[in-house]
Structures are given as C-alpha cells and as structure tokens.
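Participant: Before anything else, here's the structure in question.
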Amino acid sequence: MQYDVAVIGGGPGGYVAAIRAAQLGGKVLLIEKDQLGGVCLNRGCIPTKTLLKSAEKWQELKKCADFGLQADNIGFNFAAITERKNQVVRKLRGGIEQLIKSNAIDLVHGTAMLENANRLNVKQADGQIRYEAKNIILATGSVPMRLPIPGQDLPDVIDSNQLLEMTEVPHSMVVIGGGAVGIEFAAIFQAFGCEVTVVEMLPTILPNVDCDLVKRVGIPLRKQGIKMLTKTKVTSIEASADGVKVFIDNGKGLQVLAVEKVLIATGRKAVVEGLGLETAGIQYSKHGIKVNDKMETNIAGIYAIGDTTGQEMWAHAASAEGMVAAENAMGGKAVMDYSAVPGCIFTTPEVGMVGITEQAAEAQNIAIKVSKFNFASNGKAVSMGETDGLVKIITNADNGKVIGMHILGAHASDLIMEGAIAIRNGLKAEDIAKTIHPHPSLSETVMESAHGINGNIIHQILLKGR
C-alpha cells in the first residue's frame, strides 16, 4: 500500500501533521519509535508543568496565613507528586492515541530510515517493514545536549529526562545552564527543599529574554533561595563520597561546589543521525534539517518540522509547522509565519514573550517606543497576592505597530497571546488600549501598558518608557 503521507515522529509536530493530513483526505502513516506525544508530553512541557503546579501549591500552603488561613502539620510526598505527573502524562497520551484512531491513521511503532524520497524502512523488534509514501514528513525532534566537560558522564550527573524520573528530592544540586529548562527545574526543586545553584557562562540568565524582564525575574528567584552564578564556567566534575564536586571558574580563580546531583541543562540538539538523510540527498547541518517557509527540504515531497529543523524549538511552533507541512503535502500552498511565535518560561512568576526585545531592536537600529506597567498597580494582582511583574510593550516609532510584548507575572503564559495576536495582525498599541478589558482582571495590565505608549496610563503614577 502506498500512503499519501508518512510522518516520522509522533511528537506535537508529527501527530498534528498526521491528523491534519488525514483531515484533508489523505491516507496517513505515523511512525513512532517511543511514545506518542514526544518530548513535550513525556519528558518536557507537560511533566514539568505538572511538577511546577505541585510546587506552587506547596508554596501557597506555606503562605496561607497571609490570606487569613490556617494550615497545620502540612507536608509533601514527592513520590506521590511524581506519580501524579505520570498520571497526567498517561491521560494526555491516551487522548492522542484516540485522536490517531478516530482519524483512521495507521500507527506503527519502530525506527524509520529513508531509503529514497518515497520509500522508508521501519525496524521493529521482530523484523523490518518497508513502506512507500508520496510525501514524507520528518518530525524526529531533539535530545538533550551535553557539553564536553570532564566528568559529565558520572552517574550523579544527569539530564532533564533522568531528573523527571526521580522520586526523591536531592539535598543539593548544581544546574549547568541558565536557560528556560535550567531555571524551571531550579524553581521546582528549590521549592521542595533542594539547595540549588545555577551556573551560567553568559552575563545573564535567560539570555534570549528582554533585558527588563531578566532584571526583574532574578529578584523572586533569589528570594526563593536559588543561587545564580553568571559569567561562570564549569571546568570539570569529580565524584565524591556524598555526590560530586563541581569545579567552576568565574575569571577570578577556581572554586568547588560540593553537591548531590548535577543537572546539565545546556540546550537541545536536533535528531538528524540515523534517518538516512544522506541516502535521500537531504541537506542538513549539525543544527538541523534545512527547510524553506513551506517546510520543504531540498528534496521534493520530503518535509521537516519541529526541533529537527533547529529553528523555533517550541512545541507550539512544531504544531504550526506540522499543519503547514501537511497542507502542502496534500497539495496546498501554506506558508509558515514566524513573526509572532510566543515563548513562555514557567518560573514563579511566569515569563511570556513575543516579538522583538528592546536590545534586539536597538541592535537593528529600529526606532521604538516602550511602555511598562507594573502588576503592583493592578487590582486583581494585588488581591491575588501576585504583585511581582510587569507588562512591557514595544512599538515601531514610525507606524505605531506593536512589534514586541514581554510579560513577567502571574499567568503571563496566557496573557502573552494578546501580544501575539497584535503582532500577527499588524495592530497598534492604540487598538489594544481602546479594546475594553474586563475588570478586575490581569488582562488590564496589557491594556494599561498599551495606553502608556501614548502617555495615557491611568493606574500608575510613574510612567516609565520613552
């Protein structure tokens, strides 16, 4: 049997591509070597957010007296917290399995390799099977990346996959890498009593986040007890009687950190090995498979999406790319638009971002106007006890259009969509400001910041911006 579309990889890019191709009338094959849902569902977005929710609940319990409540003899069971995380993952994975069945998609478990542009070989436990497809979508994702640090292969030096399987909280941990993954895990385990030190070789944590948010997010993280060492490099790791010794260099000499565990959170790399890319003639680099804005590779009929392209390593970007690839594989003319891909970092408080940062705008010599509104001036935030944060809006000074929005605060991951919609549709700050927002709500912080572009903030005495 020849399929219209074969998808290699069942993560948030791959399974969405398979469903979309089936919706368009295609006979679809989906090949997954592990579990449906990919890294996001099984070892990334969902399990970490589930653990974060437990951490938030625990922190709220310890602060319940601030809300006039009493709670005595409170505690936590980390093994039970981990099991809840597993239950959530199983439930959502079961939902994807039902979606695959309901769309009449053939699901095969195995490892796929391209033989040419229309044929692939799938290796299973009991043998190999060849399949043919008019179009093939590569959605093989990414894996944790490790730096060449002496000692990084020691048993107590782990990656995010291994950390998620732990049923006990380590007494102490060094996190190598101050990006989103490292900071989120630092927040989770610090909340449950682990002494966490983040080591980042760059001048700041979260280097891709807007400068104002980076300055502000460090304050609550340090209040939570997380130690952050920037401009610091890990030179080596050695085993010790109680765990490991981490040797660091901040330019002023070597220091030693003695901890129980080390988490390597230095990013992810695209999975491009073992796919038969050379055999099929597909162009790729160490960063990922090369594609155009239609998600096409250089070989007709073969597409690549998600982390395997090394572009926007967000699950939601992979899903959008999957839709584009599937529609084009079925004869459409879809184009991927990266102008408004939001990003979220689930610290406490959260970070939401979309569009250009202030430092990037300055580097590109773009004339901008900036407005900032603090959560401390919002009634809903005050009533929630969530006053840490701000909304920062960046507009093009020449035409007034919103080109960046950056939020630090409670529910920033939800609020940021207002910025994504504005940028995607070429809206001005005035369009947001003149749209009536519900009261009391956190969304009013976005409205007030939009008013601030023209100097019209109502509920903030001191207007910051330009």
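Note that Cβ sites are derived from N, Cα and C of the backbone, with glycine treated the same way.
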Participant: Out of Gly110, Gly267, Gly274, which is the one TrEMBL records at the NAD(+) site of Gly177, Gly178, Gly179, Ala180, Val181, Gly182, Ile183, Glu184, Glu200?
Facilitator: Gly267
Participant: Roughly where does the domain 'Pyridine nucleotide-disulphide oxidoreductase dimerisation' (341-449) sit in mean pLDDT, to the nearest integer?
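Facilitator: Over the domain 'Pyridine nucleotide-disulphide oxidoreductase dimerisation' (341-449), the predicted model scores a mean pLDDT of 97.
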Participant: From the Cα of Val181 (NAD(+) binding site) across to the Cα of Cys40 (disulfide bond), what is the distance in angstrom?
Facilitator: 12
Participant: Of all the recorded positions here, Cys40, Cys45, Val181, Ile183, which one's CB has the most other CB atoms within 10 A?
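Facilitator: It comes out as Ile183.
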Participant: Beyond the listed site residues Gly177, Gly178, Gly179, Ala180, Val181, Gly182, Ile183, Glu184, Glu200, Gly267, identify every same-chain residue whose Cβ lies within 8 Å of the center of their Cβ atoms for the NAD(+) site.
Facilitator: Val175, Phe185, Val198, Ile205, Leu206, Ala265, Thr266
Participant: Find the longest CA to CA distance in the recorded FAD-binding set Lys49, Thr140, Gly141, Ser142, Asp307, Met313, Trp314, Ala315, His316; express it in Å as a whole number.
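Facilitator: Spelled out: the longest distance between any two Cα atoms in Lys49, Thr140, Gly141, Ser142, Asp307, Met313, Trp314, Ala315, His316 is 23 Å.
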Participant: Which residue counts does DSSP yield for the domain 'Pyridine nucleotide-disulphide oxidoreductase dimerisation' (341-449) in the helix, strand and coil classes, in that order?
Facilitator: 38 helix, 33 strand, 38 coil
Participant: Take the C-alpha atoms of His439 (active site, proton acceptor) and Lys49 (FAD binding site) and report the distance between them in angstrom, rounded.
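Facilitator: With distance taken Cα to Cα, Lys49 (FAD binding site) is 28 Å from His439 (active site, proton acceptor).
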